[in-house]
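Features of the protein shown, as given by TrEMBL:
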type     : residues : note
TRANSMEM : 12-34    : transmembrane segment
DOMAIN   : 86-559   : domain 'Major facilitator superfamily (MFS) profile'
TRANSMEM : 130-149  : transmembrane segment
TRANSMEM : 161-179  : transmembrane segment
TRANSMEM : 191-211  : transmembrane segment
TRANSMEM : 218-242  : transmembrane segment
TRANSMEM : 248-268  : transmembrane segment
REGION   : 316-351  : region 'Disordered'
COMPBIAS : 323-342  : compositional bias 'Basic and acidic residues'
TRANSMEM : 384-404  : transmembrane segment
TRANSMEM : 416-435  : transmembrane segment
TRANSMEM : 442-459  : transmembrane segment
TRANSMEM : 471-495  : transmembrane segment
TRANSMEM : 507-525  : transmembrane segment
TRANSMEM : 531-554  : transmembrane segment
Amino acid sequence: MAHNYIEIDPVLNALGPVGIFACLQCFLYFLGFIPDSYQLFSYVFTAQDVEHSCAALQPNANEFLMPELSSDWLNSTTVLYDRCSIYLTSNISGDVITKDYPCLYGMQYEEPKETSIVSEFDLVCGRTPLAGLTHTVMGFGTGLGSFLFPWLSDLYGRKRVFLAAVSLGLALNLVNGFAPGYTMLVVCKFFLGFTQAGIGLVSVTAGVELFPSSKRALFSGFLSTLWWAMCIASLAPLAYLLRSYSWRTLQLALSWGSALVLVLAIFIKEPVRWLVANGKIDEAEEVLKQAARLNRKDPQSILHVFHSLSLHESEPPLLSVNGEKHPLPGETTAKEEEKQEPRSSLFEEGEGHLQKDWAGSVEILEEKLSFLDLLRHRLLRKHILLSVFIWFVDSLIYNALYLMSDQMALDLYTSFFLNSLVEGASCILMVFMLSRFGRKPTLVLFHVIAGIGLIASSVCSHYKDVSGVHITGTVVSLLGKMGIGGAFNIMFMFTPEIFPTNIRNRALGTSSAFATLGMMISPYGNILADYAIWAPGAVFGACCALAVLCLLALPESKDRELPQTTHDVEMWYNDVTSTKKKYRCCERSGQEESDYE
């Protein structure tokens, strides 16, 4: 039998593929990148390391904590207050005795204590891992949110879930700014990560669905990546301007992005793709009317295009037997189906008005897919398993390079700003390569660049005492950052393109959830380097190579209509298989047509 699916691109093209309405909606959804990026990387500045040492013995303090400082030995004892220990050297009758103690009298910081959570909560020395734990816990929250919010947005719509996540994130950010202790801080970080997943994933999915396939690379690839990099870059000057204030002041200042989204919420609309895929035709018509008026198009002509959308029929492969073409067993052609009953369309003409043909369209419009369908369906299972590994690799390297900004040759603020700039520079390569070569070749190139840059950076770190090598290490590290930044951002566009509409956001969320594992591990890359300086580069390089192999097994989505159903995904592979068979048959027989179509 011939299978049906609905093409939304014609009506989007009729509105204008780059019309005012689509661009405005894209901008409003992408405003979510501001709070999303701020919460993800605020850790770099709110938890920055502060120079410290053990506090000195104060008057009236209990000297017997260190017997060497008693009056009998005081004149013959030298005290050194180091970062995490107190060293005592005593000379008693020619015998030199050396002892060390922990910081018995607290810590002393070179900056005001409220400069960072590290100094305010004494997350130094033996408590140092607790600072990284806040980021790890946030990653855990992001992972859980990546499972829940996509499911909610597929069920209740992009707009509702997006605004709910932004509102909750704003409230949590304000609470986080006034957290009285470390425990409350960790709890707030967990839920901020939870909402951060909802904001980012829904923004990306909506951006993909707003444009026809011919413009997805421009808006969902180039412009979204450039805007994301700009949002990250804006964090550095904001943190620099507030560097003399408490970390709490910076945390509260980061709320402006969420507040802006909520102020403009009245203008946000539900994407037409989601409305049609879920059978909400009346709402889709209303959105199309508003879009037509804003784009200065005739609403009735746009609705006419929408009403005339046919359920596109894809022919099954035909087998040639003795020169005659026959359908495979169990399949019928569209012509045979026409003999049985008239072709169904999305709408049929009634008496003087357009009437919806629910019987012919509701099965396609409302194909319900559960999370388990990602594992049940052969092709969806293949896509999701390969995607989650690539996301894990990209997230691990991407976050690790940002968190290690303070190890570069420049100061923290400049290094962070440069990291975000080179990520924006990757957009220049993206805009040319995505439209000319497609998603897969571009992703392969960026992963190769990232692997080379990271391995070279590790080698330079090993010889950092050599003159000029530290600067060279910074340059190749930025090269690696450009590669992984471009790759990670393309995955945000590529992943939704290879899944059907009603499971698209859940597939993106599942991939993002596994990416949070990389995010949770990334703060501890420095610990691995302490044991073996070459290890991080070797691990990251090997992971990039495996990611390339995974990419080769995924389909190319360039210039393809976004799949509405699982059958649409199958047809991608059938088209490729039919083309290959046709090529082989033509090569064997020298004919222009093969035995398969």
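Keep in mind that glycine also has a Cβ here, set from the backbone N, Cα and C atoms.
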State the residues, same chain only, that lie 6 or more residues beyond the ends of the transmembrane segment (130-149) and have a CB under 8 A from a CB inside it; answer 'none' if no residue qualifies.
39, 43, 47, 117-118, 121, 123, 161, 165, 182, 185-186, 189-198, 201-202, 403, 506, 509-517, 519-520, 523-524
Kindly say whether the transmembrane segment (12-34) and the transmembrane segment (471-495) touch, using the definition of 3 or more Cβ pairs under 8 Å where each pair is 6 or more positions apart.
no
Check for me, if you would, whether the transmembrane segment (507-525) reaches the transmembrane segment (416-435) - at least 3 Cβ pairs under 8 Å, residues 6 or more apart in sequence.
no
